[in-house]
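Written below as C-alpha cells is the structure these notes are about.
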2 protein chains.
Amino acid sequence: MTAPLRVALLGCGTVGGAVLRLLDEQAADLAARIGRPVQVAGVAVRRPDRHPEVPADLLTTDAVGLVTRDDVDLVVEVIGGIEPARSLILAAVEAGKSVVSANKALLAEDGVALHAAAAKAGVDLYYEASVAGAIPLLRPLRESLAGDQIRRVVGIVNGTTNYILSRMAETGAGFSEALAEATELGYAEADPTADVDGFDAAAKAAILASLSFHTAVTAADVHREGISAVSATDVARAAEIGCTVKLLAICERVPGEEGDTVAVRVHPAMIPTSHPLAAVGGAFNAVFVEAEAAGQLMFYGQGAGGEPTASAVLGDLVAVARNRVAGAAGAGPTAYAELPARPIAETPTRYHVSLDVADVPGVLATVATAFAEHGVSIATVRQDGHGDAATLVIVTHSAPDAALSSTIAALREVPAVRGVTSVLRVEGLS
Amino acid sequence: MTAPLRVALLGCGTVGGAVLRLLDEQAADLAARIGRPVQVAGVAVRRPDRHPEVPADLLTTDAVGLVTRDDVDLVVEVIGGIEPARSLILAAVEAGKSVVSANKALLAEDGVALHAAAAKAGVDLYYEASVAGAIPLLRPLRESLAGDQIRRVVGIVNGTTNYILSRMAETGAGFSEALAEATELGYAEADPTADVDGFDAAAKAAILASLSFHTAVTAADVHREGISAVSATDVARAAEIGCTVKLLAICERVPGEEGDTVAVRVHPAMIPTSHPLAAVGGAFNAVFVEAEAAGQLMFYGQGAGGEPTASAVLGDLVAVARNRVAGAAGAGPTAYAELPARPIAETPTRYHVSLDVADVPGVLATVATAFAEHGVSIATVRQDGHGDAATLVIVTHSAPDAALSSTIAALREVPAVRGVTSVLRVEGLS
C-alpha cells in the first residue's frame, strides 16, 4: 500500500459530518477498493469552536489555503450555495485537485464553467450527491445510458414538498397548514422558499437535463412553479379523478420539424394514483427515465439526509480517487448537442380544470367552445349539478401550454362560469 | 476527430442485431460522446448466410482471427454460454482489446479468471447487460456505492419465471399449464430449464453478490431452487395471507461472531402484495439494494429483449471507448473482502407452512411442539376447521433454514398431520 490520498473537506454540517464518520469507519474498505488509503488533510469551517467532534489540528478557517495545499489530492465540497463554494472549487481545480461536490445550486448555475475548468486542469468534478441524495442517478445517466437516446426524465426530487403534498392529501389541510406542520417537524426549513417555490427541484432538473440531453441547461432555462398555490380543492379534485398531486421535475426532448428542443419544467401536477411515482412518499425520491432503446427505467431511494447524501459523496470520492491512482481523469459530461431550450408556452402539456358554472342549458357548449377556440381538445368532462349551479371537471388532451393558459383566461370571462376552482397540469395519463 | 475506434462483434442474434443497428443510428452521437467515431470492424457468426442484413464484407466465421486483428480496438461478445465465449474473450484481452460482454453464465462461472486476465493486460471487461438487461445496476453497485457497505440485494431478475408466476396468480393455473402458455407465447424457450430451474437467476445473483460484497462468488456458491415445484395451492395460500409468489435472487451479508459471511440464494418466496417487488410484472425486472448509509434503493426496468440489452451493451461500449481514448483502463471490481459463503442450512429464513390436520383437540399443541423442538418460533397461525379436518396456516419467525426444513420433515411424521399442503419461504415481512 502506497502513500495515502489526502482529502480536504469543505464544510462540516450534517453531510460533512457523515462523510467524516464514514471515511473513518470504512477506512480499511476504502483503501482496498481504491488501492491507496484515504486520509483527511483538513476540514474548512467558519466556526471551528462548533466542531468539537473533529480533531482540532484538522480544522481551519482558511478554506482557500486548504484546497491549494500541496499535500491535498482531492477536495470534497459540502458547503452548498454559490459563494464561496464556486471560488473554492475553481481554486482547487486550478491547483490540480479533483473535486466531489453535493452542490446542486452551483452546478445548475455554473456547471459549464466549472466543467471547463476541470477539463482544462485534467481533473475530475463529480456531483452525484447533488440530485436525489443516495440514488445513483447521474452516473447511470452519464455512463450507463451513454449509448442510448434519453427522451424524458420525470422525477420527484424534493422531499419537503413531497411531504407537504402528502399531508395535504391525507388530512385535507391547506398548503399553509401543512407547511406549518412540516416546519414544526423539521421537514421544512425556517425559510422554506428554496423548497416550496421549486428552486431546489429546478436546480436538480437543470442538472438532469444537462446530462440527459448532452446540452448545457441552467436553472434559468427551467420553467418553475412551486406548490404554494396548490389548494385543498386542487388536492380534493385530484382524488376525485383518481389522481394525486406531486411536484414534478420534467425534462423532455421534444422532436420538432426544425430539430429537437429541450423542455425542462418544475411544477405541481396531478398524476394517476396507479402511476409508480404516486406511491413515492415522504423523504423518498424517485426518478423515471425513458430512453429510446432501454425503455422505461425507475430509480428510487432516499433523496436527502446526512448518511444517504454522504454515501453518494463517498461513491464519487472512490471514483475520483481511483482515477487519480490510474493517472487519468474520467470522462466529463458532454454538451455537444446544444439543443435549444423550448419555452413553456410552446411545451405540450395537459390540464385539469374544475369550473363552477350556472346550471343552465348550453353552459357546457359555451365552455367547450372556449376550449375549441384556443385549439385545445377535451379528453374527458364530468358535470355534477347541484341546485342552480353545476361543477364541470375537464381534462384536456395535450396542447401547447400557452393555448391552455389562454383558455383558462378566456373561461374566466365567460358569464356562465362563476369560478375557476382548480387548474393543474396532468401528467402520466395514457 | 481522429481515427475511428474499431469494434469486433461476436454473435449477431437479437442483441447483436440491435447493437449493430444502434451503432449505425447513433453514430454521430456516439462519436461526440466518445471523442472518436466508432466503426464496426467485423461480425463473427456461425452461419454468414443467415445474416443478409449485415454487409457481407463484415461477416466472418473466424472469430479468433477477428478478435486478435490489429485493426480491432474493442470487442463486444453477445454469443452467450461458456465456450467459445470464454476462449474468445481471453484471446481478445490478451491481444490488448477491451471487452464488453452480456454473458451472465460465463461471468458467474469464471469472472475471477477473466478479470485477472483483463487486469494483467490493462484492458477493461464490462458486462452491465449480463444482469437485468437495460437497468443500470452493476455500475451503481460497483461505483456509486463504492463508498458504502451493501447489506442486501433482493431482486426479480428473470422475466420468464416472473411471467409464469404472474399467470398462475391471475388464472389459478398450475405450473405446467402456465409454462405451456409461456412457451406458446414465446416468453419461455423450447428448453426452459435455464429459466424455470433458476440457473439464469443464480448466475445473475453470483454477479450481483460478487460486486456487492467485494468477494468472488460463483454460480456454484448460490443455493438454487426453481419454480417447477410451485403449485396452484402455494399461489392460492400466498393470496390468502396477503402475499404473492416471486422467484427472488437474494444476496446477503450476514454478520456473525466469527466475521461476516455471504449468503446467496435463488428460490421462490411469498412476499407481501404491498412490497414494491410484488407489483413487478411480466418482462420487467426490479432490484432492491440495502446499504448501510444509502438506505433502501430500488432499480426498475426492462430485464430482457434486444433493444434494452443493446442499450446496456452500448453504455459499456462508450465507457470502455472513453477509457481507451483517455489511455487508461477503468478500475475493475475488487474481491479483497474474501467473505466465506454461508451454506443455505445456516442462512436465516422464514417459512410459510400449510397443513391439513385432523380437527381434534390438542392438534395445534402437537404441531407447535414440533416447531419448538427444532428451535423455530411461530409468528402467526391460522386454523380453519371444516368437518373433521382443519387447515393450519403457519408463518414462522426467522430461523436457520436447516431448522425450518427439519421441522417440516418432522411434521410429516406427526399422525395428526394428514398432509403438508404448502411450504414456501417468506421474504419482506417486517
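From the backbone N, Cα and C atoms, a Cβ is placed for every residue, glycine too.
A TrEMBL annotation is a machine prediction, not a hand-curated record.
According to TrEMBL, the feature active site, proton donor maps to A:LYS204. In the three-state DSSP scheme, A:LYS204 (active site, proton donor) falls into the helix class. Listed in sequence order, the residues of the same chain lying 6 or more apart from A:LYS204 (active site, proton donor) and placing their CB within less than 8 Å of its CB are A:LYS104, A:ALA108, A:SER130, A:VAL131, A:ALA132, A:GLY155, A:VAL157, A:ASN158, A:ALA249.
Taken residue by residue with DSSP, A:LYS104 (NADPH binding site) is part of a helix. Marked as NADPH binding site by TrEMBL: A:LYS104.
According to DSSP, A:GLU189 (L-homoserine binding site) is assigned to coil rather than to any helix or strand. Counted within 10 Å of its Cβ, the other Cβ atoms near A:GLU189 (L-homoserine binding site) come to 13, all protein chains included. Here TrEMBL flags A:GLU189 as L-homoserine binding site.
Confidence for the domain 'ACT' (A:352-425), expressed as mean pLDDT, is 93. Residues annotated as domain 'ACT' in TrEMBL: A:352-425.
In the domain 'ACT' (A:352-425), the DSSP tally of helix, strand and coil residues is 23 helix, 35 strand, 16 coil. In the structure as shown, the Cβ atom of A:LYS104 (NADPH binding site) sits within 10 Å of 27 other Cβ atoms.
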